[in-house]
Amino acid sequence: MAEGWATALSQAFHADDEVAFIDELQKALLDSYQHARAMLAAVKADSDSFGRFGLRCLARLLQAEASAGRSQSLSLLADLGPGNEDEGGGQLQQLLLQLTTSSAGEGLKLLVRVCAAWGVRTADQLGAEVRAALEASILRGAAEPGGWGLAAVAAAALPGLAPEVPRQVLQAADDGSRDEAVEQLAKGLDDETKRLLVKQRQAGGRLRAAAKAVQALGLQEEFPDAELRWKAEALEAAIRKGRKEAMVGLSCQEPSLHAGCVEGLLKCGEVELAADLAAAWGCPLPSEDLVITAKRKREAECLCLPVDVPITTISKEADVASLSSLLSAEVIGFDLESSMGGPGGSQPTLLQLASARAVCLVDLLAVGNLQPLALALEELFAAPMPKVGFAGASDLGKLAGGFPGLKVAAEPLVDLRDLEADRRAAASQLSKKKAREGVSLSSLAEQYLGKPLDKTFQVGDWAQRPLSEARAHYAALDAWVPVQAMALVPRRDSDAETASLSSGRASGSRDSERSSGWPVRWRDPEASPCSSLQERLLAREAQAQCPEDVYWESILVVLPCFSGYAALFGLQHEVKARLRIADDSSAASHHFGAAVSCLYLFGLIFRIGHKVVFSRLHPRARVHVAQICMMLSMLVMSVVVLTMECYDLYWVILAYSLGGAAMGSFESNLLNCLTPFGHRTKRLAILGIPLGVNSILIGGFFLMGPPLQVPVTEVFFAVAVLNLLGLLVFAIWIPRHGEAGMGGVRELLADCKGCRHWLPQLWHYPLAFAVDTFTLAGFSPGLSLYVYNKEVVQLTEGFVLETKTFFAFYNTANMLGGLCGRWLSYRLPQRHPAVYVGFNALGAGLLLLRRPVLAPAGAFLVMLGDGLIYGTISRHVDTAIPQEFNLIAISYWLFVGWAWAQSCLMRALALMLDLAGLADQLGLLPRLQRKPWVLLNDHRAAMEEALQVGSDDLLRILAKWLADFSPAAVGLAHVSGTVYLAPALEDAGLTPEQVLIANLFSHGEMGLDALASPALPDAQALSILQELATFSRVRWMRTDVEVPWPEAAVPLPQDKVGMLKPVRRSVLKKHPLLRDEMGVTAQGNCLQHPSFVHHDIEGDTLEEMQNSAASIAAKRGYAPGGGATAGCALRTEAGMLVSGSEVSARSGAQISPLQCALVSLSANGLPRSSVQDVAWCANQPCNELEERDRALLARLLPSASFRGVRLAE
């Protein structure tokens, strides 16, 4: 097809037929923009004078009406440039002049591209008339809303324009919303314009923006005081508002502001802070009496460091040795202070370390880069005692960022804020996020130590030396208070502090650990946690002596079973080919599809059914049964079906049913068996899931391809052997724990009765898992197999890959995403899995773009989200659910999440694959994609013949499909026989019937013959339907009854596609008249009213044409008795115009112009986000209706502008 288009383009060029050339180019664009571009380049290469012909085509296309592909065609022609013997001359100048008078946005964009292609680098190369017109166009574009960007690009691309042009563009753009972009533009202009920009901002009171411009444009010599001016102004504002942090931050690096800052602090009552900074900066000191009074008040009201706790300052290398005194402490508290801003940003300046009896202040500015300090801190933070801080992990990160040599890992690390949040969450049933609100070190000091902390010195110049006594006292308290408060915060042992007190664990023996069962956790509500710091430390030491063993063999148990699962769903095509079943819509193909679906059906059943079917078996034995089932499934496929050639589908059903039962039973029972061995073992086990799946999707397909050509039979047999090895590994190396439950239905009922112990902590987690599984099934690889189903995949222009090679990269990205997600899920802080759904959505979005080069990244993100969600839920079940309910919780999670996902997927596929697949088979898909809500007469006839149904049944089939997803109706137009789809636009306030009328109105139909919908229309929609000229003949077809559906579509010969075929009215007469069903009569002549006639759009610019379209829409509107009507016209980014007219009824029901236009927009396949501007017009004042549309636009499209226009004569 591409070669045919290239030939047609070449013939049109040699025939000098511009119209035919443009028509063929737009046809080529329907296939691919890249192909069309390559064909243009090929035609150009064959001729030395193609450039001039391209200019003529571009000029002709500019005068044509907006149409699909016009914007892309203009871009391609604008980028052509000259041929070898082409000279632009007068023809080029004439085109450029035409572009300057075109709509500002489109014309400027194309002009810049044409100039770049034809080597026009400066304005001096343009004729005087073109240059003047260009300058006027740029100024006009800069004045339009949102047009300054293109105007700026044009001004920068063609230097040498009149000086006032770039200056006016800058002036229009510099409104405070895009300062960086304006500064970037100014960099390419002359120095005088740069200075004018700074002065303009200063005159407008935007001093900070002026200072940024001075910095960005290198004008420090011309404006040396710009930085000081904005800081002085900001300081005054901070003093007025009493914001001490802003006062100090602004003044630290500006000596001329020091005195003003001190005076401002005194006005705000911050006497001690003012005195401290005045002494450090050499400013006049406040009254000594004021300072003494403030100090006494602080000591009386706030917590102070005991006098017997010494403060040691470490400011030279010899002092570093004193840190060793802290090694004997039971707990170490720490904190970090940083400077406020500066050229390099905030930098750590002071590290505080404390025990219960002493405090050390480490002057990082003096000794931060010394090797002895790094060694001393490494030793201290590696010591076994707890290190406690308030948001301490953040402090350690800042310390390592400022001093890379001081990167230390505190183990164990305790965050005092998290301890208090845990206590509040447990006591008040709050979420962790809510419980953290209001928790500060000062509030904890007041709660547990009797007095709050004075935070006066939290701000200040921490880079000044020496530190004042008061500032040193404040810093010491920030490290000492966490030590004292930690022992007093009532709490339950967290995972990091789980006390495992059994003798087997304490001995450190792996065998004894296997027999000891679950570690001891504080789960009994009447049991008390360690009541003192000493007891907790003893528990921690006991745990430290027996580190958690990791059963890495678990990954070898998981991998074979998921390899079997992947073989069953991934090798379906190869099995189908061996069974000699064609990949078509035949009955045999449908039967095979039903057979392999047993994998998913039995998988769903056994995710919860294993508790009943295998009721008398321990979860460990159920894992063995699942492994045996998977092994048998592989053997049935490899030996019975493929080797012995028993091609009866019952064997396929047996194999896939065994595989489904294996997967449903294996996953939940194995996770339950591994839970007692800790997070690290569980994390390794779930890594086997992506490895197992991709061992087939990557490794299996590699083995079956050249040069090895391994038969599919041997792949199935190898997976059976792997499952036998996995069974042996699980039996020998993974220890048993616990005993079997009561079994059967009684165990399931007991789990359900005890749901209050586990369901509240888990019920919402499967929602995230359902979304994850939906995207996984849909895109991993899912629909990608249908998108990239040709022999090669074109990644970029001129670079293609074989489809198998492409999917090798795709599946590799899949695997890496799954591995990363599962690994990170146990490393990141515990969060709700819904947090990670964004990765799935982003990955699915990239894949839906259908850009092959982005597909591996999309697959990686989908699997990354899957790994994070799966691992997070698994981790949550282990830590939040009591031991006795662990298995039912895992089964519930997997069953509910998987069931919801599969049900949503099946419903989506029912519409996306069946309807789209049939349309694609009939060659109708490209046209339906351009007009998704319109099924033209020949489309309707083609579908009726292919499905062997009448027009009435086709309407009901389409309506039932649509109604599965949202309220919808389908209508058959009078005379034309076109079918119109009408899903409800609930956000725009339109019912399906109202959408149908607006769709008919927008396409100029004369009436409606039939309506298919699940229920009769409501009163509002009915009153508008009564206004139709053909209402008395409208037939109503119900869709809430069984709709006939053939087993397979009959392929339609290509020569019949596109043929017009009238609707057989006899098939409609079987259905009742809508007026009889509703007991009403026709009232109007809508769609045949006198003003519903064609008008030509007028205007030279796009804005004028938009105003004309709005005026015409107002004239064409319908109101009973010829009353006032209104209309509007939407303008999209691509310059397309979409109009809508008011449709009113006698009852007062109404479709507004904007509602009608939104229907037309969707019916033409245009996204709402593309709308930039709405022009609204009425033939008489309609203030209420106009305000209604204005509010609707502000709600649905807040970025679009709304303007009223006058009715044209």
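Glycine is treated like the rest: Cβ placed from N, Cα and C.
Curation does not apply to TrEMBL; its annotations are automatic.
Feature annotation from TrEMBL assigns domain '3'-5' exonuclease' to 311-493.
Residues or ranges marked as region 'Disordered' by TrEMBL: 497-527.
Annotation source TrEMBL lists transmembrane segment at 591-609 (among others).
As annotated by TrEMBL, transmembrane segment applies to 621-643 (among others). Within its own chain, the transmembrane segment (621-643) has Cβ neighbours under 8 Å at 557, 560-561, 564-565, 567-568, 575, 578-579, 610, 614, 651-652, 654-656, 658-659, 661-663, 665-666, 669-670, 673, 711-714, 716-717, 719-720, 723-724, 726-727, 730-731, counting only residues six or more beyond its boundaries.
The transmembrane segment annotation in TrEMBL covers 649-672 (among others). Residues 557-558, 561, 564-565, 568, 575, 579, 591-592, 595-607, 609-610, 614, 619-620, 622-623, 625-627, 629-630, 632-634, 636-637, 640-641, 682, 685, 874, 877, 886-887, 890-891, 894 of the same chain, all 6+ positions outside the transmembrane segment (649-672), place their C-beta atoms under 8 angstroms from a C-beta of that stretch.
Residues annotated as transmembrane segment in TrEMBL: 684-703 (among others).
What TrEMBL records for 715-734 (among others) is transmembrane segment.
Positions annotated as transmembrane segment by TrEMBL: 833-849 (among others).
According to TrEMBL, the feature transmembrane segment maps to 855-873 (among others).
What TrEMBL lists as transmembrane segment is 885-901 (among others).
In this chain, the transmembrane segment (684-703) touches the transmembrane segment (855-873); three or more CB pairs sit within less than 8 A of each other, excluding pairs fewer than 6 residues apart. Same-chain residues lying 6+ beyond the ends of the transmembrane segment (715-734) with a Cβ under 8 Å from its Cβ atoms: 551, 553-554, 556-561, 563-564, 567, 571, 623-624, 627-628, 630-631, 634-635, 637-639, 642, 673-674, 696, 700, 703-704. Each of 684-703, 833-849, 885-901 was scored by its Cβ pairs under 8 Å to the transmembrane segment (591-609), and the highest score goes to 885-901. Within the model, the domain '3'-5' exonuclease' (311-493) shows a mean pLDDT value of 86, rounded to a whole number.
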